[in-house]
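Reading through the C-alpha cells given below for one structure.
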Amino acid sequence: MDVTEYIKLVFTDYTLRTITLGTAILGAVTGMLGSFAVLRKQSLLGDAISHAALPGIAIAFLLTGAKNSNILLLGALISGLIGTFWIRGIVKKTHLKSDTALGLILSLFFGFGMLLLTFIQKQPNANQAGLDKYLFGQAATLLESDVWMMAIVTGICLSVLLLFWKEFKILLFDADYTKTLGFHTKFIDILITSFIVLAIVLGLQTVGVVLMSAMLLAPAAAARQWTNSLSMMVLLAAIFGAFSGVFGTAISASQNNLSTGPVIVIVASVFVLVSFIFSPTRGLLFKQIRFIKNRRDLQLHKTLAFMYNIVESHENISHPHAIKILNNFQGYTKSTLQKLVRKNYVTIDGNMWSFTEEGFKAATNLYNQQINNNE
Amino acid sequence: MISKENVNNETPTSTGVVAVKVDDLTVAYNYKPVLWDIDLEIPEGVLMAIVGPNGAGKSTLIKSILGILKPIAGSVSIYNKPYQKQRQLVAYVPQKGSVDWDFPTTALDVVLMGTYGSLGWIKRPGQKEKKEALEALEKVGMLPFKNRQISQLSGGQQQRIFLARALVQNASIYFMDEPFQGVDATTEIAIINILKELRKAGKTVVVVHHDLQTVPEYFDWVTFLNVKKIATGPVKDIFNDDNLTKTYGINYKVSIQE
C-alpha cells in the first residue's frame with residue numbers, strides 16, 4: 001500500500017481512521033504537556049514515569065485476569081503516580097539529586113514490572129498473550145473506545161490548561177516568587193505533574209513504555225526552536241505532536257505495517273532535527289550564516305577604520321594613498337579592498353587608493369559609532 | 001564612577017512603627033542550623049542592608065520571612081499581623097540567578113507577573129494591569145525593551161525587570177536578594193535611586209547586600225548576620241569595626257572615607 005492509497009483509506013477504512021485519530025490526539029496532548037516538562041527541566045521525568053507504569057499494568061492484569069485496556073491503564077496511572085511521588089520524596093528528603101532519583105525509580109519500577117511480566121507469561125492463563133505490547137506499543141490495537149478516552153482526557157487537559165494558564169506560567173518561571181504572591185504552589189505543581197502522568201499513561205498502548213518519553217520531549221524541543229512565547233510553544237508542540245502521530249501512522253501502514261510507535265517517534269525526531277537546523281533565530285544554519293556575515297563585515301569595518309585614520313590627516317578626502325601602507329595592517333587583504341571598491345567606497349588607480357565621498361562618510365560614521373560604544 | 005551627588009544620604013524617616021517583626025526564628029537544613037534564634041524588628045520607612053559573610057543565612061532569612069522556606073521555630077509578623085494575612089503588603093525581588101532567563105517570555109510579561117497576586121486565581125491581567133506594568137517598566141528605564149525576549153537582556157536589564165515586577169505589586173515592604181549583584185555602575189545608581197524613592201514614599205526596603213564599602217552611602221539601617229543576629233540599628237550608630245569584626249570573624253577595618 002502506498003501513501004496515496006493510505007490517504008484514501010483513512011477516509012474509508014474504519015480501523016485505520018481510528019488509529020490515525022488516536023495517534024494524532026495522543027501526539028497533540030503529549031506535545032502540549034511536554035512543553036511544561038521541558039521548561040521545568042524535568043525532561044527525564046517522563047521517561048521515569050512511563051517505565052514506572054509497567055508494574056501497574058502487570059498488577060492490574062494479575063488482579064483482574066482480563067486485558068481490558070482501561071483497567072490496565074488505570075493500574076499504569078496509579079503506579080506512575082506512585083513512582084512520581086517517590087521521586088519527589090527522594091529529592092526532598094535526601095541529599096540525592098533529581099537525576100539519581102529518576103534513575104533509581106526508573107530502573108526499580110521497570111525491573112519489577114519486567115519480573116511480573118515474565119511471571120505472568122509462565123501462568124496457564126491464555127489471556128496473557130500480548131501483554132508485552134505495552135513495552136513498545138501497538139497502535140493497531142487501538143479501539144474506538146480508546147480514542148474516545150484519549151479525546152476526553154485531552155479535552156479536560158486543555159480546559160485545565162486554559163483555566164490555570166497564568167498560574168502554570170508563573171510557576172514554571174519562578175516558583176519561589178509565585179509562593180510569595182500567595183498561590184498554593186504545591187497544588188499547581190501536583191496539577192501539572194498529574195496531567196503529565198495522565199498523558200504518558202494514555203500513550204502506553206500506542207507507543208509503549210520504552211519510547212513514550214520521546215513523545216513528550218521531541219515536539220516540545222522542536223517547538224521551542226521556533227518561538228519565544230510560551231503559548232505559541234505549547235500550540236506548536238501540540239501541532240508537531242499531532243503531525244508526528246499522523247505521519248508516523250501513515251508511514252507504518254504504507255510500509256508493510258512497520259511498528260507504529262517507533263515510526264511515530266522517528267518522525268517526531270525529524271521535526272526536532274529540522275527545527276534545530278532551520279529555525280531562523282535559534283537554528284544552527286542561520287546562526288552559522290550570521291556568524292560568517294558578521295565576521296566579514298567586521299573585516300571590512302576594520303580596514304575602513306584603518307583607512308579613515310590615514311585619510312583624516314589630509315584636507316582632501318580623496319587624496320590618493322599607496323596600497324602598500326595597508327599591508328602593514330593585518331586586516332587588509334586584496335579581496336577586502338575589492339569589496340570596498342564594489343561598494344563604491346574606494347577607487348583604485350594603479351597601486352594607489354583613495355576614498356570616495358560615500359566611503360569617507362561610511363568610515364566617519366563607523367568611527368563615531370566605535371567611540372560612542374567605548375564610552 | 002559612582003558619584004556622591006547621585007546618592008546623598010538622608011536621615012532615617014522612620015515613624016517608630018514596626019513594619020516587620022521576627023521572633024525566635026530558627027532555620028536548619030538537615031541538622032545544621034542556618035539561622036539561630038533570630039529576633040529582629042525592622043522599623044517602617046527604613047532602607048536596610050543585611051550584611052554578613054557567605055553562608056551567614058542572609059537569603060535564608062528573607063526566604064523564611066516570606067514563607068518560601070519553612071523554619072523549625074519562630075514567627076514573623078507584618079504590621080502586627082501574621083505574615084500569611086499580610087502578603088499583599090510585601091514584595092520580593094529574588095536573586096537574578098534563581099530563574100531560567102531562557103524561558104520563552106518577554107520583559108513586559110515578566111513584569112505583569114507582579115499583578116498576579118492581586119488578581120488571584122484564574123483571572124487574567126487586563127488593560128489596567130498592563131498599564132501598571134508599563135509604568136513600572138518606565139520607572140526602571142526599560143520601556144523600550146518591553147517586547148524583548150528576556151534572554152536577550154543584559155544582566156543589569158534583567159535585574160531592572162525583576163525590580164519592575166516588584167514595583168507593580170505596589171507593596172509597603174520590599175525584600176530584595178542581592179539586587180546589585182553583577183550589575184554595572186549605571187544600573188547600580190539607577191536601582192539605588194529607585195530604592196531611595198521608595199523610602200521617600202514611606203516604604204520599607206530590606207536588601208541583602210555584599211559590598212560593605214557602599215553600606216553607609218546607600219543605607220540608613222543595617223543588620224549584621226552570621227547565623228545569629230550580631231547587631232541591628234542605624235548605620236551611623238552601629239556600622240563600625242567592632243560589629244564587622246564580630247560578623248566576619250577577622251579583624252575588619254572599614255576604610256570608609258568621610
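Every residue, even glycine, has its Cβ placed from backbone N, Cα and C.
As the structure is a computational prediction, the values presented were derived from the model and not from experiment.
Here TrEMBL flags A:18-38 (among others) as transmembrane segment.
Among the features that TrEMBL reports, transmembrane segment is placed at A:44-64 (among others).
Taken from TrEMBL, the feature transmembrane segment covers A:71-89 (among others).
Proximity of distant same-chain residues to the transmembrane segment (A:101-120), defined by a Cβ-Cβ separation under 8 Å and at least 6 residues beyond the stretch ends, is recorded for 44-45, 47-48, 51-59, 61-62, 79, 83, 86-87, 90-91, 128, 131-132, 209. Per TrEMBL, the feature transmembrane segment maps to A:101-120 (among others).
The annotation transmembrane segment is assigned in TrEMBL to A:141-165 (among others).
For A:190-218 (among others), the entry in TrEMBL reads transmembrane segment.
Residues of the same chain lying 6 or more positions beyond the ends of the transmembrane segment (A:230-251) and with a Cβ under 8 Å from any Cβ of it are 3, 6-7, 10, 16, 19-20, 22-32, 34-36, 39, 139, 161, 165, 169, 172, 215, 218-220, 222-224, 258, 260, 263-268, 271. According to TrEMBL, the feature transmembrane segment maps to A:230-251 (among others).
Annotated transmembrane segment per TrEMBL: A:263-286 (among others), in sequence order.
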Feature contact check the transmembrane segment (A:190-218) with the transmembrane segment (A:18-38), CB under 8 Å, 3 or more pairs: yes
Same-chain residue ranges lying at least 6 outside the transmembrane segment (A:141-165) that approach it to Cβ under 8 Å: 18-19, 21-23, 25-26, 28-29, 32-33, 69-70, 130, 133, 188, 191, 195, 198-199, 202, 205-206, 231, 234
